[in-house]
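Student: The substrate binding site annotation in TrEMBL covers K71, K95, S350. Per TrEMBL, active site, proton donor is recorded for K107. Annotation source TrEMBL lists site 'Important for catalysis' at D147. Marked as NAD(+) binding site by TrEMBL: T191, N222.
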Amino acid sequence: MVVDIISPYTVAVAQFDEAAERLGLSQSMRNVLRAPKRELIVNFPVRLDNGDVQMFTGYRVQHNINRGPAKGGIRFSPEVSLDEVRALAMWMTWKCAVVDIPFGGAKGGVICDPHQMSRGELERMSRRYATEISILMGPNSDIPAPDMNTNPQVMAWMMDTYSMHQGYSVPAAITGKPLAIGGSEGRLDATARGVQVVTKAAMRHLGMSPESSSVVIQGFGNVGGITARLLHEMGCKVVGLSDISGGIYNPLGIDIPTAMRFSREHGSLRGMPGTEPVTNRELLELPCDILIPAALENQLTKDNADRVQARLVVEAANGPTTNEADRILNGNGVMIVPDILANAGGVTVSYFEWVQDLQHFFWSETEINQRLETIMSRSFNAVLEKATNQETNMRMGAYLLAVSRVAEATELRGIYP
Ligand code: NAD
């Protein structure tokens with residue numbers, strides 16, 4: 001069987017090219033905005049618990065920093081590649097622009113399997129990676145955050161490492177930290193809360209009510225798990241869930257607090273009583289009204305897009321839909337809330353965390369959630385209006401808004417020297 005290998009960066013550039021064409025950007029501007037500004041590859045040693053030394057490879061890519069310091073998460077996964085990190089960095093540029101927060105785009109990652117590493121090994125690897133990329137990091141230059149397989153503890157180790165180099169604490173150098181060391185209220189839930197806000201807005205637009213809507217979510221981590229909980233609390237019926245071990249299905253609805261407990265106790269959702277097992281592939285084709293990919297890239301492709309039954313797809317993950325799948329879904333009348341809008345809640349509260357750290361003045365959770373809701377609703381409405389006025393879909397609407405903002409900043413700043 002021939003398996004298509006889809007390069008996330010090719011997907012990202014094709015999306016940009018289409019927006020640039022519609023915006024009538026000059027060839028010079030297109031050349032500037034297509035290319036990542038900086039790409040750092042680091043190979044570094046980590047001592048394992050058995051005394052051996054293993055070399056790891058990591059990346060940090062800054063795509064564009066014309067609207068502010070570089071911002072973007074760190075991913076630990078065996079599948080991390082420069083191509084993937086490049087794509088994710090470009091998407092961060094557009095994401096920060098679409099919600100209009102003053103950051104540029106970046107992303108980082110280390111090729112590793114954190115599930116096979118001890119806590120000590122993970123700490124030593126995180127600290128050494130932070131040291132390696134510290135030539136880029138800083139509260140005014142490049143501010144990492146969590147992504148797949150990284151969490152507040154990893155952010156704490158990285159913040160401490162960066163601070164040790166400086167000789168004093170620099171909490172604003174990284175976001176997604178634990179509360180006790182300058183983290184923000186609401187950060188853990190932020191991406192999912194943003195997904196909830198845009199899902200609600202899209203449902204309103206489509207005339208759907210929570211009580212009569214069924215939901216399938218791929219990925220049960222920080223984003224997928226909390227999104228499931230919030231939509232369940234809103235009254236939606238979550239009928240399908242999955243993690244890396246596979247999916248579970250119950251057309252009558254899955255009790256999310258029970259699923260969370262089960263997943264915590266058993267390490268995965270597999271075998272949860274009262275549900276039937278499905279593969280991650282089957283999961284995406286289950287009968288439902290709303291489909292939320294919240295795991296990884298390239299899940300909806302030309303091979304399965306036609307079989308998606310949902311009428312609303314909310315991209316909580318980055319890059320879950322290939323360009324061909326996007327065309328098929330649009331052709332079938334499916335509304336897609338694109339990743340650069342749908343999952344921007346995380347970077348928005350990261351922005352709040354950075355602002356609070358810089359001011360040494362902290363806000364309440366209520367205040368943070370209200371500010372987040374304001375930004376996400378405003379951005380959803382702006383994208384919908386752009387898409388409607390330009391007679392295009394939500395993804396192109398989001399790109400038109402984002403790319404024009406970054407192009408304007410780039411034009412105003414000019415080219416140095
Ligand atoms: P996470 O590590 O907390 O959870 C990832 C989930 O996906 C886990 O349940 C894992 O089992 C599952 N998964 C991994 N590989 C899979 C596979 N091959 N098939 C099915 N499921 C698989 O990560 P997260 O932070 O929830 O991130 C999920 C997605 O959301 C990523 O695309 C990430 O870039 C995006 N995102 C995260 C944030 C954030 O704040 N954490 C912000 C914006 C976007």
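These residue numbers are counts, starting from 1, taken along the chain as shown.
Placed from the backbone N, Cα and C atoms, the Cβ positions cover glycine too.
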Student: Using the residues the record lists for substrate (K71, K95, S350), what whole-number Å value is the largest Cα to Cα distance?
Tutor: 13
Student: Around ligand 1, within a Cβ distance of under 6 Å, which of the recorded positions K71, K107, T191, N222, S350 show up?
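Tutor: From K71, K107, T191, N222, S350, counting a Cβ under 6 Å from ligand 1 as near, the near ones are T191, N222.
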Student: Tell me, which recorded positions from K95, D147, T191, N222, S350 are within 10 Å of K107 (active site, proton donor) if we use the C-alpha atoms?
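Tutor: So the list is D147.
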Student: Out of D147, T191, N222, which of these recorded positions is nearest S350 (substrate binding site) by C-alpha distance?
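Tutor: For S350 (substrate binding site), the spatially nearest of the recorded positions is T191.
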Student: So of all those binding-site residues, K71, K95, N222, which one's Cα sits nearest to D147 (site 'Important for catalysis')?
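Tutor: That would be N222, nearest by Cα distance.
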Student: Which of the listed binding-site residues (T191, N222, S350) has the least company, meaning the fewest other Cβ atoms within 10 Å of its Cβ?
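Tutor: Minimum Cβ neighbour count within 10 Å, taken over the binding-site residues T191, N222, S350, occurs at N222.
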Student: Excluding near sequence neighbours, so keeping only residues 6 or more apart in the same chain, what lies with its CB under 8 A of K71 (substrate binding site)?
Tutor: M92, C96, F103, G104, G105, A106, D142, I143, A145, V347, S350, Y351
Student: If one looks at the chain holding K95 (substrate binding site), which residues at least 6 apart in sequence have a CB under 8 angstroms from its CB?
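Tutor: G105, D339, I340, L341, N343, A344, V347, A402 - these are the non-local Cβ neighbours of K95 (substrate binding site), listed in sequence order.
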Student: Residues other than K71, K95, S350 within 8 Å, Cβ to Cβ centroid, of the substrate site?
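Tutor: Here the nearby residues are G72, G73, M92, C96, I101, F103, G105, A145, A344, G346, V347, T348, Y351.
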